[in-house]
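Pasting the feature list from Swiss-Prot:
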type: BINDING; residues: Cys144, His147, Cys206, Cys210; note: Zn(2+) binding site
type: REGION; residues: 1-31; note: region 'Transcription activation (acidic)'
type: REGION; residues: 52-80; note: region 'Disordered'
type: REGION; residues: 241-248; note: region 'Interaction with DNA'
type: REGION; residues: 250-301; note: region 'Disordered'
type: REGION; residues: 301-332; note: region 'Oligomerization'
type: REGION; residues: 329-373; note: region 'Disordered'
type: REGION; residues: 345-366; note: region 'Basic (repression of DNA-binding)'
type: MOTIF; residues: 315-326; note: motif 'Nuclear export signal'
type: SITE; residues: Lys88; note: site 'Interaction with DNA'
Amino acid sequence: MAQNDSQEFAELWEKNLIIQPPGGGSCWDIINDEEYLPGSFDPNFFENVLEEQPQPSTLPPTSTVPETSDYPGDHGFRLRFPQSGTAKSVTCTYSPDLNKLFCQLAKTCPVQMVVDVAPPQGSVVRATAIYKKSEHVAEVVRRCPHHERTPDGDNLAPAGHLIRVEGNQRANYREDNITLRHSVFVPYEAPQLGAEWTTVLLNYMCNSSCMGGMNRRPILTIITLETQEGQLLGRRSFEVRVCACPGRDRKTEESNFKKDQETKTMAKTTTGTKRSLVKESSSATLRPEGSKKAKGSSSDEEIFTLQVRGRERYEILKKLNDSLELSDVVPASDAEKYRQKFMTKNKKENRESSEPKQGKKLMVKDEGRSDSD
């Protein structure tokens, strides 16, 4: 049987199934011969392929350290949070003073997105978590090993991702090929009729105090509005703390924040007062002696008003002011004569008051002692 097969193969080989071109040319000549090509074949097909140059990627380069500053962009992108108090029963609350979100593990956190101008069709909203402090910002924020092994039920998101999107089946979870950072994005949806914002529900799947995870290191959540190709249209960020009692922690941190602000304000006021006093003392020290005004004279014509509490003080200050006004009017020579006359009159009155009346002799202490002796 095998021998018959080999004979048939040899006969086929001898017949040479490859079509030989007329004239004994090469088989490649058939390709160049238009007789053997279909009528729809484009002879410039390969030239067009070679002339096409590779186009650069429209995706922006990935940054090792993501930017956290607010960027509303041309569309006026910004965030809002529902108002909530500091009661112990709240599961999610936002502090405008701190720009910080306090929430419980795996609880719903509504984030409202507002734009002034609608973004292009197909735009997406992305949420990324990074560490706030510079010494930790290069590390990837991920769940602790304990919560990572805990089944979540839906299995839609990778186990290591901290941020989840609730109630949206179109959420896409990504891990960057270069930085390995985790992010989740959803298609941007225009606000519903009568509403000004679009709401996205976020879940944080690990506590801030978990060992092996965030380990009490503060984190930021960056919300970006991007085109379908990854071009940035807007960016906002806020701090997040995942804890057991969000209301209590918010109240405590806001109280500490206000105390720090008051301390800084008092320190600035004290520093400014000290600087002004030092400046005045230095200017007084550097002032030449010749610039000092002579006592008893005043060439300043500016008038001031002084408010005094109490009639007695007013009379004293009035007499003092009248004396100063009189000294400015009376010449110095006449003032000296009046002063001498006043002193002489006072001495005479003192001498008369010291003499005893009705001829009685004033007993001196030493004289009385000598008589007794």
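Positions of Cβ are set from backbone N, Cα and C atoms, glycine also.
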State the non-local partners of the region 'Interaction with DNA' (241-248) in its own chain: residues 6+ outside its ends, Cβ under 8 Å from one of its Cβ atoms.
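The answer is 85-93, 100-105, 204, 206-209, 214, 218.
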Tally the residues of the region 'Oligomerization' (301-332) by DSSP class, grouping H, G and I as helix, E and B as strand, and everything else as coil.
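Once the DSSP states are binned, the region 'Oligomerization' (301-332) shows 20 helix, 0 strand, 12 coil.
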If one measures from the C-alpha of His147 (Zn(2+) binding site) to the C-alpha of Lys88 (site 'Interaction with DNA'), what distance in angstrom results, rounded to a whole number?
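It is 24 Å, counting Cα to Cα.
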Averaging the per-residue pLDDT over the region 'Oligomerization' (301-332), what integer do you get?
81
Can you tell which of the recorded positions (Lys88, His147) has the fewest other C-beta atoms within 10 angstroms of its C-beta?
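Per-residue Cβ counts within 10 Å for the recorded positions Lys88, His147 bottom out at Lys88.
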Can you grab the distance from Cys144 (Zn(2+) binding site) over to Lys88 (site 'Interaction with DNA')? Cα atoms, rounded to a whole Å.
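So the Cα of Lys88 (site 'Interaction with DNA') lies 26 Å away from that of Cys144 (Zn(2+) binding site).
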For Cys210 (Zn(2+) binding site) and Lys88 (site 'Interaction with DNA'), what Cα-Cα distance in Å is obtained after rounding to a whole number?
21
Do any residues at least six apart in sequence from Cys206 (Zn(2+) binding site), in the same chain, have a Cβ closer than 8 Å to its Cβ, and if so which, in order?
Leu105, Arg143, Cys144, His147, Leu162, Gly213, Met214, Val242
